[in-house]
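A.B. asks: Pulled these features from TrEMBL for this protein:
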- 12-31: transmembrane segment (TRANSMEM)
- 13-67: domain 'Amino acid transporter transmembrane' (DOMAIN)
- 43-70: transmembrane segment (TRANSMEM)
- 87-111: region 'Disordered' (REGION)
- 98-108: compositional bias 'Basic and acidic residues' (COMPBIAS)
- 135-445: domain 'Amino acid transporter transmembrane' (DOMAIN)
- 139-158: transmembrane segment (TRANSMEM)
- 203-223: transmembrane segment (TRANSMEM)
- 235-257: transmembrane segment (TRANSMEM)
- 263-281: transmembrane segment (TRANSMEM)
- 301-330: transmembrane segment (TRANSMEM)
- 350-373: transmembrane segment (TRANSMEM)
- 467-488: transmembrane segment (TRANSMEM)
Amino acid sequence: MAGGITDTGEPYSAFVGLVYMFNLIVGTGALTMPRAFATAGWVLSLALISFLAFMSYMTTTFVIEAMAAANAQLRWKRREQDEIHDHDSTLDYSDDDNVARGRGEPETKPILSVQRSGGPVDYFDIAERVEMGQMASMFFNKVGVNMFYICIIVYLYGDLAIYAAAVPISLMEVACGNHSCSAGAVKYNDTDACWGSVTRKDAYRVFLSVFTLLLGPFTFFNAQKTKYLQILTSLMRWIAFTMMIILALLRIGAGAGEGRPPAASLAGVPNLFGVCVYSFMCQHSLPSLVTPISNKKRVGVLVLADYVLILAFYALLSFTAIFCFDSGLIHDMYTLNFTDNCHVLDIAVLRYFLGLFPVFTISTNFPIIAVTLRNNWKTLFHRDGGTYPWVVDRVVFPLITLVPPILVAFCTHNLESLVGITGAYAGTGIQYVVPALLVYHARRHVEPVTARHAINPHRSPFRHASWVWFVVLWAIFCLMFVTANIILTDTKK
């Protein structure tokens, strides 16, 4: 999940913010979670997803605290510039030392000790939208800023590759699957026939080519998701999720459930980890989500409630799936389990709806993420005062944005692996490392210029520095574990 969900920060209530955050987090990753649960075992999966939900919640509070600190620093700098401007325009003293000292040491006086007419100013109010990249520029050195952009670019590439594979897979399954209700639940191979001599893999690549030709050109222009399109895709998503949960529950309740998942299987942990990290990803979009909330006093409660609800939803979706369907027959894209199994759903129109709904929801997101990635490339190489040649700006950047994920999707359509790798590597950086380092440096930047009694009302409940280092160490451990598992798996092959 990438990119902002609001246009320009139009204000909305805390409840609407809760709904937006829920929709932001629950996306494509949720559809790959049932298979990850089936391979890792239900007990181990529940324990790991609960812990990862807690870790994601912690780093979300870190980002919100850093946003408040960034707003405070921006207000302080702006206020001091105004003071210097007012001083220069109204007084003509020869005491240049005081002015020079004010300019040379802009961060020495407590920012909350200064009161304007009308009372104290809440410098920590999150009123200005400060994106993650801007916060990185404020609090990190040049190396840190470049590492941040590289991390988010890799993550967005993974996002695009997942989306580019998910749409053709859904189209292939609908076009090539047997929906006559006589075939039952079947897992096909890529070499099986689709149309005559055309194999399923060939059909997948045809659909991928069409997908690229239709949506690829949007990368060369600006695209944004309208409010009504967001409402439509959200409505389709929740109709589909609700249908899948209810249908699986009905089948389990009737005693027809085929799932016999193991309690624990360590072999499935690496992919489960990546899927869970990917499925709780929201940190990079928090500025566009939190800033428009009109009353932010209960933002902390809002975030906690959202994480509890999302954890419960993921558990419900995955548990109904693994006990309803045979673990070996659960698709990477869970919706596809309902398109070729008439014992679960015997209404053809609804089977086609579930099979095709990812096509519509994902297709609307692909151009947005592509434009976001293109803009991050531009920011990474931008130099103050410089402009890009037309060819570089309009052709080169869109091409380096679009071509790599499409090539990856052509080479593999294993969604579980794509989601797992994206979440395990780039996702770990965006969800754990960047928020932890942001809040650590934000506290160091703001502390010298705040009064001793000044408290950031949006500070994280995990305010001790040991929590920050715990997150960093956890991220390092996760990367080592996933990498070691990949090496060992390849060695066995």
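Glycine is treated like the rest: Cβ placed from N, Cα and C.
A TrEMBL annotation is a machine prediction, not a hand-curated record.
Map these features onto the structure and tell me what's around them.
C.D. replies: Sequence-remote contacts of a segment are chain residues at least 6 beyond its ends whose Cβ falls under 8 Å from one of its Cβ atoms, and for the transmembrane segment (350-373) they are 2-3, 27-28, 31, 153, 156-157, 159-160, 163-164, 166-167, 170-171, 173-174, 177, 179, 211, 215, 218-219, 221-225, 229, 233, 236-237, 239-240, 243-244, 333, 335-336, 338-339, 342, 398, 401-402.
Counting residues 6+ beyond its ends, the transmembrane segment (467-488) has Cβ neighbours under 8 Å at 55, 58-59, 62, 269-270, 273-274, 424-425, 428-429, 432-433, 435-437, 439-440, 460 in the same chain.
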A.B. asks: Grab the same-chain neighbours of the transmembrane segment (139-158) for me: Cβ-Cβ under 8 Å, and only residues 6 or more beyond its ends, written as numbers and ranges.
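C.D. replies: Hits for the transmembrane segment (139-158): 2, 66, 70, 132-133, 284, 369, 372-373, 376-377, 379-380, 404-405, 408, 418, 421-422, 425-427, 429-430, 433-434, 437-438, 441-442, 445.
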A.B. asks: Mind checking how the domain 'Amino acid transporter transmembrane' (13-67) divides into helix, strand and coil residues in DSSP?
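C.D. replies: Its residues divide into 51 helix, 0 strand, 4 coil.
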